[in-house]
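Lifted from TrEMBL, the feature list:
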| type | residues | note |
| --- | --- | --- |
| DOMAIN | 147-382 | domain 'Sulfotransferase' |
| BINDING | 156, 157, 158, 159, 160, 237, 245, 362, 363, 364, 365, 366 | 3'-phosphoadenylyl sulfate binding site |
| ACT_SITE | 156 | active site, for sulfotransferase activity |
| DISULFID | 345-357 | disulfide bond |
């Protein structure tokens with residue numbers, strides 16, 4: 001009996017000690033959980049279990065969002081862009097390890113939603129961070145669509161520069177290579193053409209550029225058959241300078257071709273211009289425009305000055321953005337003038353934080369052409385230019401000299 005009486009008192013002491021230890025362990029675990037999940041509160045919330053991969057991406061983006069929130073809030077006119085950013089966080093919370101290949105393959109979607117530095121003057125691309133488009137991007141959202149806008153010409157007019165400048169805009173997605181669908185690959189069908197396009201999300205415009213469309217007789221009808229609402233952009237340039245540039249490009253590939261002067265004339269003595277030579281024929285803009293106006297109204301065609309694209313890139317880009325129904329995000333602050341190349345370059349190219357100029361094939365030095373031949377060409381093009389000015393309602397100044 002003496003041995004049995006102390007036992008209940010001993011059991012209660014052990015139970016109390018065990019309960020205190022258990023509660024301490026649970027409290028420590030929950031505190032660590034809060035730190036890991038950045039919950040910032042001890043009030044439990046409904047949250048599904050996340051994988052390590054998912055938690056990594058979400059935490060990185062949330063860190064980023066927290067750092068930039070205050071600077072984003074001062075731009076009251078861009079609330080929809082902030083909403084896109086929050087929407088992206090919500091989508092990333094559903095990432096699983098199986099989604100990672102799709103994330104990398106569609107990294108441009110993240111760029112389209114989060115790369116707002118150009119429009120908001122906010123640094124959203126810290127070099128070496130996890131927010132570089134190559135390291136973190138949204139899910140494989142969006143879909144491939146047929147282009148709503150096409151740069152249809154002209155060759156050696158400045159189409160590559162225009163496309164590269166436009167790709168800075170977060171609401172424009174463009175295929176880099178020229179598809180040549182409506183002139184060379186039409187038999188492949190629209191599904192083939194659509195598959196070449198980048199994926200886009202809501203409110204983004206799909207674009208492509210193939211300068212030879214403008215001089216392809218079948219192109220207007222084919223584009224009209226795809227969509228009568230397609231917006232068309234034509235970069236035009238002084239036809240004489242354009243012809244010399246065209247010849248210069250060919251000369252770089254075929255050094256043994258005849259001289260520019262000999263190719264220009266059917267008969268040098270009579271001064272008859274050879275309009276069958278493509279370098280000359282492309283510059284008869286009024287003739288080609290007649291073909292397009294049989295299918296599209298002038299309101300759906302925008303003519304961009306190749307000369308002003310060099311002297312005032314922001315001004316011409318402003319007209320293009322207005323034409324496409326987009327906010328004017330690309331402005332003077334995106335450009336600097338490269339003295340060596342002789343034309344403007346981007347301070348930040350699409351998907352990069354570094355300056356970008358067009359390749360070495362752009363801005364070649366033109367050969368010296370006989371001034372008499374240049375004058376003959378100016379005389380030849382003058383009536384066509386006058387008609388073109390009248391058709392477009394814009395004087396490009398090619399005959400002012």
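Here the Cβ of each residue, glycine as well, is placed from N, Cα and C on the backbone.
The structure, with features from TrEMBL marked on it.
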{"residue": "156", "record": "3'-phosphoadenylyl sulfate binding site", "CB count, 10 Å": "24"}
{"residue": "158", "record": "3'-phosphoadenylyl sulfate binding site", "CB count, 10 Å": "28"}
{"residue": "160", "record": "3'-phosphoadenylyl sulfate binding site", "CB count, 10 Å": "19"}
{"residue": "245", "record": "3'-phosphoadenylyl sulfate binding site", "CB count, 10 Å": "22"}
{"residue": "345", "record": "disulfide bond", "CB count, 10 Å": "20"}
{"residue": "357", "record": "disulfide bond", "CB count, 10 Å": "18"}
{"residue": "365", "record": "3'-phosphoadenylyl sulfate binding site", "CB count, 10 Å": "7"}
Nearest-integer angstrom distance between the alpha carbons (Cα) of residue 160 (3'-phosphoadenylyl sulfate binding site) and residue 345 (disulfide bond): 12
Closest of 156, 158, 245, 365 to residue 345 (disulfide bond), Cα positions, binding-site residues only: 158
Cα-to-Cα gap, residue 365 (3'-phosphoadenylyl sulfate binding site) vs residue 357 (disulfide bond), nearest whole Å: 16
Separation of alpha carbons, residue 357 (disulfide bond) and residue 158 (3'-phosphoadenylyl sulfate binding site) (Å): 13
Rounded distance in angstrom between the Cα atoms of residue 245 (3'-phosphoadenylyl sulfate binding site) and residue 357 (disulfide bond): 19
Inter-residue C-alpha distance, residue 156 (3'-phosphoadenylyl sulfate binding site) and residue 357 (disulfide bond) (nearest angstrom): 16
